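Listed in Swiss-Prot for this protein:
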- G172, G173, A174, G175, V176, G177, K178, T179: ATP binding site (BINDING)
Amino acid sequence: MRINPTTSGPGVSALEEKNQGRIVQIIGPVLDVAFPPGKMPNIYNALVVKGQDTVGQQINVTCEVQQLLGNNRVRAVAMSATDGLMRGMEVIDTGAPLSVPVGGATLGRIFNVLGEPVDNLGPVDTRTTSPIHRSAPAFIQLDTKLSIFETGIKVVDLLAPYRRGGKIGLFGGAGVGKTVLIMELINNIAKAHGGVSVFGGVGERTREGNDLYMEMKESGVINEQNIAESKVALVYGQMNEPPGARMRVGLTALTMAEYFRDVNEQDVLLFIDNIFRFVQAGSEVSALLGRMPSAVGYQPTLSTEMGSLQERITSTKEGSITSIQAVYVPADDLTDPAPATTFAHLDATTVLSRGLAAKGIYPAVDPLDSTSTMLQPRIVGEEHYETAQRVKQTLQRYKELQDIIAILGLDELSEDDRLTVARARKIERFLSQPFFVAEVFTGSPGKYVGLTETIRGFQLILSGELDSLPEQAFYLVGNIDEATAKAMNLDVESKLKK
């Protein structure tokens, strides 16, 4: 067992003999601290500054050692605002890295980077903590077998399947359904896999974090009546926090996820929103520490920092962490070092399309732009691969014909092309699906569709057996049997109207 949780409280580990130093310089969120000779703290140790400011307000600031400067001085980055700190203030070396609470008691709660609850629901009911800095699992512990992580969402499972223990990039602008898709995945992993989820809000808006929390309570992902039945733990480090907190909040969320994988032996979903903000915070810290900037002003340690986070997200023989990471692409430049470094680690991409959302097709996952390294015949099987390729070819041909249809109309197409368009429109609608977490908004019961059912449904559409059914019958249904039943109901309704 790789993980060695301790049983102290959250935040920082306490030592019987406290090693003390004093602040000698403060520049923004960066502190220089002098320690007695031979008492220097290690890199990544947590330091705590306690005292009072000039107006008598209590100060409690936690910092993390980043550099050893020589002359018995260290340079540390603060995890909260440094307002009120003064030179000469006493600093305590905790002798260990930041430690955060882990285990079932974290579910349904919101934490900051230090593992302190910020939801006004009282202390966390656990004394088990884990340090946020840890090496990735050894190769011998990894589960190297390639297997599909079934989500129950048709468009994902068929066209861009997720790898168990893989990393998925989620691309999409505002208002196209990222949050609802994330909540549905959290719900489905809990019901179908007996797993849990951890959401790491890295450097995003406080309002979005609050909206997500409220929507999770409304949809039942977080159970207010019985918090222990919740399916997700939330860790937030918003835009307004110092760069140190934004740089480490992803590790806090990952540490909580690792406990569920290594100790509880569960499948875990780890959401990081947004992975670009992790890089951005690292860039700010790097500049504050005086490192020479690299390409486009990013930190010279960009690949190392990204690798140390991403390599801990993996499948072991005990369980798996499957990570879905929202990726912001600055100025839509895919060659920017931040997204380019992220892409090197991704196994699949899920691209959300505003065009599909405008048509009312949810989830608005773009079937042609979304990709997966798992979509290979030797991994998913010939039947799945062939069906997915034929679906993509049909949709691609429909896309090519749309300009002709817009100018000349459907009647000018050949018989074969008209058939392709009709099937493509059915496929497009069949890729939509009612979600469990959207039941409260739509009134339609949610559907979990197994991979076998998904493949069978699309094969029937492609074979032409369902050409006589109206395309409306395929909209917002689960499996193909529901579509045929809906077609019969529509037929009965139309006859009654006549």
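Here the Cβ of each residue, glycine as well, is placed from N, Cα and C on the backbone.
With the fewest other C-beta atoms within 10 Å around its C-beta, G175 stands out among the binding-site residues G175, G177. The binding-site residues listed here are A174, V176; among them, V176 has the most other Cβ atoms within 10 Å of its own Cβ. Counting only residues at least six positions away in the same chain, the Cβ atoms of L352, R354 sit under 8 Å from the Cβ of G173 (ATP binding site). Excluding the listed site residues G172, G173, A174, G175, V176, G177, K178, T179, the same chain places L352, A357, A364 with Cβ atoms within 8 Å of the centre of the ATP site Cβ atoms.
Sparsest Cβ environment among the binding-site residues G172, K178, T179 (other Cβ atoms counted within 10 Å): T179.
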